[in-house]
């Protein structure tokens, strides 16, 4: 199946149902009061994370998704049925943002997590809601509000513990084949890897970690050269980065300059990503003499001002790969996952369009009715108030 990690879709929440104007009319009850019911709320649109999915390709061809409209209110104080919600299933690791405003709606980082992305319209109010002491037969109602319409940008960010960086043909795919059961394509030309690959590295005592191999970077990737930096986003969730350096490039380029190029492109993309723990791993050590290798490694470390751990491996023969993996396992044990907490802290409360639409509507109607009642009372004199009935014959008794 084709790997698709970024799509744009439109989601339409359901409109709210309209309120109803109706009066109770039954035999022997000629003056029944209002009985118009409220409409139903419009359906919402949700994203839900599904661990059985690994690509967003389904949304490449189906881009419009709408929830159901709420039904209108009916007589006899019958409330309209609420519209059905629309549930969109996406892979774990999907990030949703509003394409128009740039607002980050949320990250779906574990199976079954649910995210509201478009809120349905609020229901309209029936005329029963507007009944008051001075308005016994209200003929006003309110219409339901439209549901939210959003253009969403969905990005799939792979959930890996370790990410690999390097120029094309540095040996990243060969390394991941050597340490895991993943089988990415390996060939002797640049950009053999066109999409990210994941591999599971298993150690002793049931310990394991997930490693991500992304397409190689070249100079100018931040400006769109090569495959650009679109795949660097898959490293944002990684806890450790492996910078794989080809110590003996086939094009006779300088390994030190190549290493500096990768770090610069990383810093251009994200200073936060560049600040993650990064290990320097020299590959293809079997193709160079030991004295030359020492000199090249010193030049690379000096160019990068690097003081962290350094590893020497040959991915094709698996020499030195086990030590790298075991040391990574030890490091990860000291770096507990904080993905879910960090994601919740980073995302601000999402404001939806109709959250407070009718918050004061009923209060305002009650205030207007109270004001009308007070104005009516002030227009009456005290002598106008008596307990006599206005209809029928009034009899006055006079004492002799």
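Placed from the backbone N, Cα and C atoms, the Cβ positions cover glycine too.
As recorded in Swiss-Prot:
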- 1-159: domain 'Obg' (DOMAIN)
- 160-333: domain 'OBG-type G' (DOMAIN)
- 166-173, 191-195, 213-216, 283-286, 314-316: GTP binding site (BINDING)
- 173, 193: Mg(2+) binding site (BINDING)
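Structural mapping of features recorded in Swiss-Prot.
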| residue | record | DSSP (3 states) |
| --- | --- | --- |
| 166 | GTP binding site | coil |
| 172 | GTP binding site | helix |
| 215 | GTP binding site | coil |
| 284 | GTP binding site | coil |
| 314 | GTP binding site | strand |
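Neighbour counts of Cβ atoms within 10 Å were taken for the binding-site residues 172, 284; the minimum is at 284. Counted within 10 Å of its Cβ, the other Cβ atoms near residue 169 (GTP binding site) come to 21, all protein chains included.
For the binding-site residues 173, 314, the largest tally of other C-beta atoms within 10 A is found at 173. Distance between Cα atoms for residue 166 (GTP binding site) and residue 173 (Mg(2+) binding site): 11 Å, as a whole number. Take the CB of residue 215 (GTP binding site) and look out to 10 A: across all protein chains shown you find 24 other CB atoms.
For the domain 'Obg' (1-159), the model's average pLDDT works out to 89. For the pair formed by residue 314 (GTP binding site) and residue 173 (Mg(2+) binding site), distance between Cα atoms is given as 12 Å, rounded to the nearest Å. Its Cβ taken as reference, residue 166 (GTP binding site) is surrounded by 23 other Cβ atoms within 10 Å in the chains shown.
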